[in-house]
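Report on the structure given below.
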């Protein structure tokens, strides 16, 4: 693509449905300010406008030698033939060829705080008279339908608010036009409101409000965590994941028996789901059984860990013929461990699932931690290329880039849930390419 004239607009291809706008921003924000982002969902593509041509050029130069990938999927970048993205492209072409309409469908990403009808009304009413609001939990996560009095109001609200955060650093608005003609609101409560009819009752006894809009989306019969999975992956599933596996127990082989133990296996496999039990096989010291929380979590672990390198050995991960691990002297029980990651923020943890990378992310760090503290805690595991300590919502976090995936994996396996200062630190893989 070297022949393409440089432009501040970058064209991204192979943007799967599981890839969100924040994912793309993470890929390009290290190179400069991203002014506009248009998701062409129907074509699995996106257009992204950097603040200036040099920022776009430096992003393109970097990704010419480093294959960009998001959530395990390679994306392909080139300069766009557009020199500038117009608002028209942004407002109408953004989702394929949707028609502007007075009803907006709003999806909220990174929802760290609860969003109510009142909050949405405050955010949208400066752009015109809001007649009705309905909120629901659906396959893509928390969504709302917002009906304006006129189409002009809805277009103005979308142009002003698309991609903005309701609160600092979270609750990002992803807005498209709905194809509904009129919202049906039966109750005025914190989930739905008809501002033109204040006398509606607050609830019909024993019935959840708005069953018509709030169907759960994707159905996985064996899973109680379907909502979290659907919210994490935008209603679809990551490439290569069927969602139909119901075998929970895995056999990991080709382990390094001198280096491995149950807790180290827990630290690695718990990235993909909750761990019930782990057993190292005495008669085959390079084999272990790992029982995951359910079949979906087991499938993620097989998909993302197969062929990874750990302690100098290439890991094999397959489904076991045993449906579960029986209790016994050699079985380590993790069912009630508070180190299981998926008991809270399950959707966020699913979203971060990926194969091992060279970059690890550290959280729950002591407030006074320094870069030197982190480097000295981790450097025995390999050559650290770069590191950075930063603050997110008032809490210290860090990124550490190793020379290889194997070194980063070893650091995660050995140092997740260890103590640094007075804090027990949490480590996961990061999908960021650079610090």
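Cβ atoms here come from the backbone N, Cα and C positions, even for glycine.
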Task: TrEMBL annotation of region 'Disordered' - which of the ranges 191-217, 218-244, 245-271 it falls on - done: 191-217
Task: Same-chain residues near the compositional bias 'Polar residues' (191-202), Cβ under 8 Å, at least 6 residues beyond its ends - done: 117, 121, 130-136, 185, 209-210
Open item on the list: With helix taken as DSSP H, G or I, strand as E or B and everything else coil, how many residues of the domain 'RRM' (8-82) land in each class?
Closed with: 27 helix, 26 strand, 22 coil
